[in-house]
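A.B. asks: OK, TrEMBL features for this one:
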{"type": "DISULFID", "residues": "62-68", "note": "disulfide bond"}
{"type": "DOMAIN", "residues": "25-168", "note": "domain 'Peptidoglycan recognition protein family'"}
{"type": "DOMAIN", "residues": "36-174", "note": "domain 'N-acetylmuramoyl-L-alanine amidase'"}
{"type": "SIGNAL", "residues": "1-24", "note": "signal peptide"}
């Protein structure tokens with residue numbers, strides 16, 4: 001095998017690995033956590049420019065599927081009730097039970113970051129990540145979700161990653177999580 005063929009082989013293998021990694025990600029549908037139907041959802045056409053990372057600021061997070069589903073349901077109730085959103089504000093939820101849950105999902109406008117909702121995917125990590133970062137599994141799930149969004153054409157290849165605090169005055173997504181995402185390749189200072 002010559003050098004050119006070997007390089008092509010390694011490149012093809014790497015692409016297959018990345019595709020398998022993102023395709024292996026299981027996203028729990030809205031029905032799994034008992035989502036209430038959204039009021040007049042707004043579609044987003046084409047890939048978006050941003051991923052915005054949040055934390056739910058729940059002090060203890062969740063570690064079992066039952067706990068996580070209950071917390072997600074409570075977040076939706078708060079967003080639709082007190083905040084008068086049409087649905088849960090986030091597109092996806094990264095939970096401490098090792099799962100990714102569909103919030104609004106791909107292709108729908110969120111309510112999570114003023115001035116960015118129409119051009120972003122909002123991802124929330126359940127828990128408070130002021131002092132401690134999320135688990136390695138939660139972080140990997142978020143990375144795999146972002147890769148999946150690119151593969152499915154919902155996110156531009158040259159997207160920008162922000163923490164919620166970069167879009168408005170807030171401490172979200174917590175110092176520990178914010179410091180973590182600052183090491184990811186698409187994070188940018190604004």
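Every residue gets a Cβ built from N, Cα and C, even glycine.
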A.B. asks: Could you check the disulfide-bonded residues 62, 68 and say which one's CB has the most other CB atoms within 10 Å?
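C.D. replies: Result for the most crowded candidate: 68.
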A.B. asks: Over the span of the domain 'N-acetylmuramoyl-L-alanine amidase' (36-174), how high is the average pLDDT in this prediction?
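C.D. replies: Across the domain 'N-acetylmuramoyl-L-alanine amidase' (36-174), the average pLDDT comes out at 96.
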A.B. asks: How does the domain 'Peptidoglycan recognition protein family' (25-168) divide up by DSSP, counting helix, then strand, then coil residues?
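C.D. replies: Residue counts for the domain 'Peptidoglycan recognition protein family' (25-168) by secondary structure: 42 helix, 33 strand, 69 coil.
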